[in-house]
Amino acid sequence: MAGCPKGSWTPRLRSVILGGAQLIWFSALISELVNQKEVAAWTYNYSTKAYSWNNSRVFCRRHFTDLVAIQNKNEIAHLNDVIPFFNSYYWIGIRKINNKWTWVGTNKTLTEEAENWADNEPNNKKNNQDCVEIYIKSNSAPGKWNDEPCFKRKRALCYTASCQDMSCSNQGECIETIGSYTCSCYPGFYGPECEYVKECGKVNIPQHVLMNCSHPLGEFSFNSQCTFSCAEGYELDGPGELQCLASGIWTNNPPKCDAVQCQSLEAPPHGTMACMHPIAAFAYDSSCKFECQPGYRARGSNTLHCTGSGQWSEPLPTCEAIACEPPEIPIHGSMDCVPSTGTFGYNSSCTFLCAEGFVLKGNDAIQCADSGQWTAPAPFCEALQCPEFPVPSKAQVNCSDPFGTLTYQSVCSFSCDEGSLLVGASVIRCLATGHWNGAPPECQAVSCAPMLSPENGSMTCVQPLGNSTYKSTCQFMCDEGFYLSGPERLDCSPSGHWTGTPPTCEAIKCPGIFAPEQGNLDCSHVHGEFGVGSICHFSCNEDFELLGSENVECTVSGRWSAPPPTCKGITSLPAPAVRCPALTTPGQGTMSCQHHLGSFGPNTTCYFGCKTGFTLRGANSLRCRASGQWTAVTPMCRAVKCSELHMDTAVAMNCSNPWGNFSYGSTCTFQCPEGQSLNGSVRATCREDGHWSDAMPTCQAGTLTIQEALTYLGGAVASTTGLAVGGTLLALLRKRLRKKDDGKCPLNPHSHLGTYGVFTNAAYDPTP
């Protein structure tokens, strides 16, 4: 925008869309030299919409600076000239606050000189006319003011100020003028823009004075502040702080530092003193040295220094006659001195003795020398030491030592670990001679009676402390066809007794059977009546035929190999007119049919069984009815289920399941993490009786010892040399140990469910 001559205004008109209201901006620039600076002009703005006074101010402050603030008559004339007429006129930035008309932009009260009220205004009609309007282009009072209620809607008359954030360098008050501004500098500042700061000049400080200054506005200028202190050994004489005033003068003269003074000293009785005073007599840094006459010694420091606090470094020493400190009487000893009373002066002597059981450590006689020291330290009495003894194997030792570890009057008590017996004295004492009153005892392992394997069974024992000794564990299992009667595991207790009576192996029995009606029964019993291995032969009377198996055997599962047969009278029937559907043998099963009236004719009976490891699901026999229908559907053979294996340790398990998960023929292998060994079998197979061939193993840390290896060989004696040859035998023993059965037995119909070491087979079906 081009400049205009001083005192003239050139209006420019432009339209902008701002907040939905069309605004007409009248702006004028005045180019004039103020304090040798060019400043921008004040710009006036107004809204095209009418608002209440409050909303008018919001509008002005949002888009410009504020509601217009009238500064002089020329400004009023200019506004009346350039602003268009509006019938409800314009709001300006004056409002009644606390009953005083106030310029809201500066919060300054309106002065009488600046008032431009219309005639008979302000009149405050109805006591609510707190805001001011300006009559623009009014025929009766152009440019005059009138008080109005603030809620009335008028146009907002706004301005954009010449004063900016950095005007007057922020070091003075910016005062708006028409088209410009002037600066009223704060105290301590000067210049057209208040850009200069008053200076007080550099402070000259005396010797030993320390100064620390802060200069917020420049070195040694207005508001600079300097604090003073003294070097060590000096004290301040004068003000501790100076400040540069707005007048450019310091608040006071700088202080000076004087040396700190200590109290005067004199030589002690029977002594001399020599002093050095580098600054002043008995002042900071002065030092005095003291010496005592012959036959006396100084008590205290022989050199004193005057410190920065005005105090001597040590109290004044004294000279006292030479004497030795009283020696201490040794504990558990006695002392005899010459002279026996008074102070221990030069040439005094003392002798020492110890009580029984103690020996003197040091000189037995000492003398007070001319230096005030004894010729040797006072001795002490030490309890006689008894020799250390090895702690017996499997034993616990508890010693009380009143005068030191294993010394005179020490008492040691012995006890054996659980499962061991004490042989010898349970308590020994250290005597005054330095010897024990007896030898330490020994602990021998508790033994139980030898254990034998049950008949028709086997036994596996772990004996870490020797054959049939404490902590020995024996597990029992029976041969196939037998069940365990009694505990599966026995332990050798600390009392030397097994935890129970050895078990026996009893033959598994099948249910009792009887001769069929019109038939005969003949049985042979290997292991008792109807025990496992018993075989029964059936036959029928004359004119009767056998329906079913002629021979049945009691199996290891406690079941007969086939249902008992029946005897039926022989009759002649005509050929059947109907046939039942031909039957097929079930998978993994067997079928045997008796055709009385032709193949699969009426009364044909078919018997079904399953191969080893499979159980029948359905009827074990079907009969063909006269209607041509079988009495039931063909049964199926399902693989026997073993209990699911749940590993509660870190054992890794890998299983193959040919007939379904954890079924007959399933084989699981086990492995331990690196650094652990497998305790049990590396493999378990689901057997035909629904039990696993081996117990679940566990993982345990540690290595196999020679003693454990010998134990698993039944306690056989082998020389250490033989075991070491090539490491071969030890490796074989490790392999043997890993395969060792842990004694857990398969479940059978006579087992106690939940007994320690027995697999509980929840899938076992006792029905035929």
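Keep in mind that glycine also has a Cβ here, set from the backbone N, Cα and C atoms.
Source: prediction; values computed, not measured.
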> Considering the residues N54, N212, N603, which is the one that Swiss-Prot annotates as N-linked glycosylation site?
Replying inline: N603
>> Record says E133, N146 bind carbohydrate. Source is Swiss-Prot. Which of N123, N127, N139 does it list for that same site?
In response: N123
> Among N45, N398, which is annotated N-linked glycosylation site in Swiss-Prot?
Replying inline: N398
> Can you tell which of N107, N467, N679 Swiss-Prot marks as N-linked glycosylation site?
Replying inline: N679
>> What's the number of neighbouring CB atoms sitting within 10 A of the CB on C163 (disulfide bond)?
In response: 19
> Looking only at C174, C610, C624, which of these disulfide-bonded residues has the biggest number of Cβ atoms within 10 Å around its Cβ?
Replying inline: C624
>> Give me the CA-CA distance between C292 (disulfide bond) and C637 (disulfide bond), in Å, as a whole number.
In response: 120
>> Considering Cα atoms only, can you say which of C174, C540, C567 is the nearest neighbour of C168 (disulfide bond) among these disulfide-bonded residues?
In response: C174
> Around C158 (disulfide bond), which residues of its chain at least 6 apart sit with Cβ under 8 Å of its Cβ?
Replying inline: Y44, N45, Y46, S47, F59, C60, H63, F64, T65, D66, L67, V68
> Of the disulfide-bonded residues C200, C319, C610, C672, C699, which sits closest to C580 (disulfide bond) by Cα distance?
Replying inline: C610
>> Around the C-beta of C168 (disulfide bond), how many further C-beta atoms are within 10 angstroms, looking at every protein chain?
In response: 23
> What's the most sparsely packed of the disulfide-bonded residues C60, C416, counting other C-beta atoms within 10 A?
Replying inline: C416
>> Taking only same-chain residues 6+ apart in sequence, whose CB is under 8 Å from that of C319 (disulfide bond), what do you get?
In response: P268, P269, H270, G271, C292, Q293, Y296, R297, A298, R299
